[in-house]
Structure formats: structure tokens, C-alpha cells
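Report on the following structure.
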């Protein structure tokens with residue numbers, strides 16, 4: 001598996017796109033820091049970008065890499081390597097190189113700016129952890145979609161729809177429900193709905209970390225009392241982890257049944 | 001070496017293999033023939049575990065292959081369409097497969113044999129179809145495995161390379177290997193194969209030597225004998 005990981009990783013590393021992605025974050029980090037001149041503000045702006053962009057890039061990269069390396073995959077399948085290891089290796093190669101672009105691209109400008117002397121280091125750290133989680137989640141989901149759909153156009157369409165649903169439509173439905181049932185106590189529902197969607201969960205985690213939950217009103221207080229506790233942190237971390245493990249499990253299951 | 005029992009495979013509603021049975025024990029060259037869509041490639045890919053049959057057992061060297069991968073150490077495979085990752089050079093690809101297999105390889109000898117030294121530093125996407133097929137052949141034969149599976153090995157090769165391929169096959173056969181070939185070039189089959197497997201409607205319709213096939217159909221040449229079966 002590690003050999004496959006190595007080859008997928010270097011294959012991506014040599015490709016232009018991971019550099020474009022890296023330089024994009026580098027530029028974004030530099031511009032935000034030196035325009036804002038304030039670490040905390042830069043982190044909030046970055047959060048808004050990361051929460052939407054990281055899933056999108058993970059999805060698109062995952063699906064493109066899978067379809068483009070089909071020949072390589074077929075070559076590997078005839079070698080004495082277990083299927084599980086082939087797909088897990090390729091997945092980790094993509095996810096790790098994307099996560100690395102994110103962490104390095106944002107990390108470098110923040111270190112230059114003097115992150116280590118700032119109290120915002122933990123906020124920034126949690127931003128990177130959440131961003132990496134989202135990368136792993138959405139790359140796994142897109143690999144699963146690519147395995148499920150032989151037709152590239154269909155697979156690409158489904159992947160974009162999946163992203164659109166989790167990043168935008170889910171929130172829309174959530175809001176509509178909140179408005180429709182506003183006479184009822186909705187805190188538990190709101191809490192559950194935010195925990196179940198990885199993008200919402202990531203956003204909530206960072207917002208709470210930044211101590212601006214007061215902006216969220218009463219719900220914010222409920223959230224704070226949930227996520228602030230050890231139990232809440234364990235649950236939210238567990239959900240993020242489940243969002244990584246379940247799609248990987250599904251992807252490997254699909255791979256074990258597929259004909260090539 | 002290879003035992004296939006009651007193999008069934010369907011893609012959607014299309015039945016491709018329909019209770020196929022096969023046993024190969026002696027070394028030598030076995031040609032798998034049949035009309036387009038008769039299941040030749042599906043059979044070969046099932047042996048390699050790339051296609052997963054709905055029913056039936058396959059054993060290679062006495063071991064059931066389902067969910068296994070180690071048995072492929074003993075198999076060299078030449079895919080029908082030589083698609084390679086286009087951004088690698090020939091040398092990188094060979095190096096990578098050698099690294100993945102972790103086994104000594106005789107790549108240099110085969111590269112010289114097929115005369116592709118000058119292409120080693122070229123990207124695979126820049127190669128012509130015939131050269132790509134030669135690279136494919138080098139990749140397939142370099143590990144010296146006892147079972148060799150070739151899907152349409154002749155495609156895209158010029159006459160000189162075809163002669164070389166034939167020479168290589170004879171050498172491998174003399175070394176006691178089992179070689180399974182699919183081909184539509186009857187000329188090539190007639191000159192190389194010791195045994196013919198004719199697939200029709202997902203089962204083996206004929207299994208025997210070329211002479212037996214000719215006597216059974218009452219034809220003197222292989223092409224006509226095959227045509228006779230199909231009518």
C-alpha cells in the first residue's frame with residue numbers, strides 16, 4: 001500500500017495542479033494577513049473560504065484523479081497487490097497531497113507573520129485540522145462516486161451535486177425548517193443538524209473556538225454549552241472521524257465488487 | 001495449473017460466461033478463440049481477479065483465488081489495450097512495476113530483444129501503438145512467471161516484431177511455462193498454439209488440438225474450421 005501511496009503522491013506532486021492549489025493558499029494567506037493586519041480577522045475570513053473551497057477542491061481533485069488514473073489502476077490490478085491496498089493507497093496519496101498543500105500554503109504566511117508569538121495559534125491550528133478533515137472526507141466521497149459511476153460525466157455531475165448539497169442546499173433546508181417551526185424549541189434539532197453535516201460541524205467548531213458564539217444568540221449559547229464540554233468535543237471529533245471512515249469503508253466495499 | 005469450475009458471469013442482463021469449466025495441467029500454449037463478445041477477455045480477467053464472477057470457482061496452482069492477490073506473483077499478464085499512465089516515461093514505468101513486484105526482472109534483455117532502447121526516455125503518451133505494445137510485452141514477460149496470459153498480443157505489431165514475439169513464445173514454452181493467448185489472427189494461432197479452446201455462448205465449445213479441430217470439422221485450414229463451427 002505504501003508503494004502505491006508513494007507513486008500517487010509523487011504523481012500529484014509533479015502535476016501542476018497541486019502547485020496551483022498550494023500557491024493559491026499561499027497568496028490568500030499573505031493577502032489576508034497583510035491587508036487585515038490582524039490574525040483573528042484573517043482566521044475568520046479564511047474559515048469562510050476554507051469551509052466551502054476545501055470540500056470543492058477535494059471533490060474535484062478526487063474524481064479527476066480517479067478517472068485519469070484508470071489505466072494505472074488497471075495495470076496495478078493485474079499485479080500481486082490486494083485491491084484494498086491499491087485504492088487505499090491512491091486515496092491517501094491524493095488526500096495527503098491536498099492536505100499538505102493546504103497546511104503548507106496557509107502555514108508559511110502565518111509563520112512569517114509571527115504566529116508563534118500570538119495567542120491565535122490554537123485557533124489557526126484548529127482551522128488547519130478542520131481543513132484537513134474536510135479534505136479527507138470529500139476526497140473519500142468523490143472516490144466512492146467515481147467507483148460507482150463508470151461514466152465520467154455522470155460521476156462528475158454527481159460529485160458536484162454532492163458538494164452542492166452538503167455545502168449549500170443542506171443549509172437552505174435547515175434554515176427553512178428553522179423558520180417554519182420557529183414556534184417550537186429547536187435547539188436540539190439545530191444541534192443535531194449541524195453535527196451531522198461535516199461542513200456545518202466544521203464551521204461551528206471554528207466559530208466556537210473563536211469565541212464569537214454570542215453572535216449566534218440563544219442557539220449559540222446552547223451550542224457553546226454542548227461543544228464546550230469534553231463530551232461535546234468528543235462527539236464532534238467522533239462525527240468528523242466517522243465522516244472519514246464511513247466513506248472510505250464504502251469506497252473499499254464498492255472497489256471489492258467492481259469489475260475492471 | 002488453472003482449474004475453473006462452473007463459472008458464471010453476467011454484466012447487467014447480459015450473460016457472458018455460462019457455467020464454464022476448464023482445466024490446464026500440461027505446460028504449452030493454449031489459444032482461447034471465439035467470436036467477438038464470446039467471453040474471452042472476461043474469462044482472462046476472471047483468472048486475474050479483475051472481473052468478479054457471480055458463481056463458480058477458480059483455482060490457480062491448486063489455490064482458490066477469490067479475494068486473494070498473492071497468487072498473481074505467479075502470473076504475467078498482457079492487457080488487450082495497452083493504456084499506460086501517459087505522463088511517465090518508459091523507463092519510469094518499468095522501474096515502477098519492478099519496484100511494485102519486488103522481484104528480479106530481465107527487462108534489459110527484453111528491451112534489447114525488441115529494440116526499444118531509444119524509446120526509454122520518451123513519455124508513454126508520445127509512443128506509437130506498435131511501440132506501446134512492445135513496451136507492454138516487455139512489462140509482461142520481464143518477471144519470468146510460470147503462467148503467462150496474453151490478451152491479443154499481436155495487435156499493432158509489425159511483421160518483424162511478430163516474428164520476435166513468436167520466437168519469445170517458443171522459448172518460454174520450452175522453459176515449461178503455461179501460456180494462454182487470445183487472438184483473432186488464425187495464422188499466428190496455427191503456428192504457435194498446442195491446444196485450442198473455443199468459446200461460444202459462455203461455455204467451452206471445443207477443447208483439443210488443431211489437428212483434432214480440423215478432423216472434427218472436416219476442413220484443412222484453421223480459419224475455415226472455425227467458420228464451420230460458427231455456422
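Along the chain as shown, the residues are counted starting at 1.
Heads up, the Cβ atoms here are built off N, Cα and C, so glycines get one too.
Automated prediction, rather than curation, is the source of TrEMBL annotations.
When Cβ-Cβ distances below 8 Å are used as the criterion, the transmembrane segment (A:20-36) is approached by residues 42, 45-46, 49, 57, 61, 98, 101-102, 104-106, 108-110, 112-113 of the same chain, each at least six residues removed from its ends. Per TrEMBL, transmembrane segment is recorded for A:20-36 (among others).
Residues or ranges marked as transmembrane segment in TrEMBL: A:42-67 (among others).
When Cβ-Cβ distances below 8 Å are used as the criterion, the transmembrane segment (A:88-112) is approached by residues 1-9, 11-13, 18, 21-26, 28-30, 33, 39, 46, 50, 54, 57-58, 61-62, 65-66, 69, 73, 124, 127-128, 131-132, 135-136, 139-140, 143, 248, 251-252 of the same chain, each at least six residues removed from its ends. The transmembrane segment annotation in TrEMBL covers A:88-112 (among others).
Summarising the annotation, TrEMBL assigns transmembrane segment to A:124-147 (among others). The list of residues near the transmembrane segment (A:124-147) in space but at least 6 beyond its ends in sequence, with Cβ under 8 angstroms from a Cβ of it, reads 39, 43, 46-47, 50-51, 54-63, 66-67, 87, 90-91, 94-95, 98-99, 102-103, 106-107, 110, 115, 155, 158-159, 162-163, 198-199, 202, 205-206, 209, 240, 243-244, 247-248, 250-251, 254-255, 258.
The transmembrane segment feature in TrEMBL is assigned to A:159-181 (among others).
Annotation source TrEMBL lists transmembrane segment at A:234-252 (among others).
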Beyond the flanks of the transmembrane segment (A:234-252) by at least 6 residues, Cβ under 8 Å: 84, 87-88, 91, 130, 133, 136-137, 140-141, 143-144, 147, 195-196, 198, 201-202, 204-205, 227
Cβ-Cβ under 8 Å with the transmembrane segment (A:159-181): same-chain residues at least 6 beyond its ends: 51-52, 55-56, 59-60, 62-63, 138, 141-142, 145-146, 189-190, 193-194, 197-200
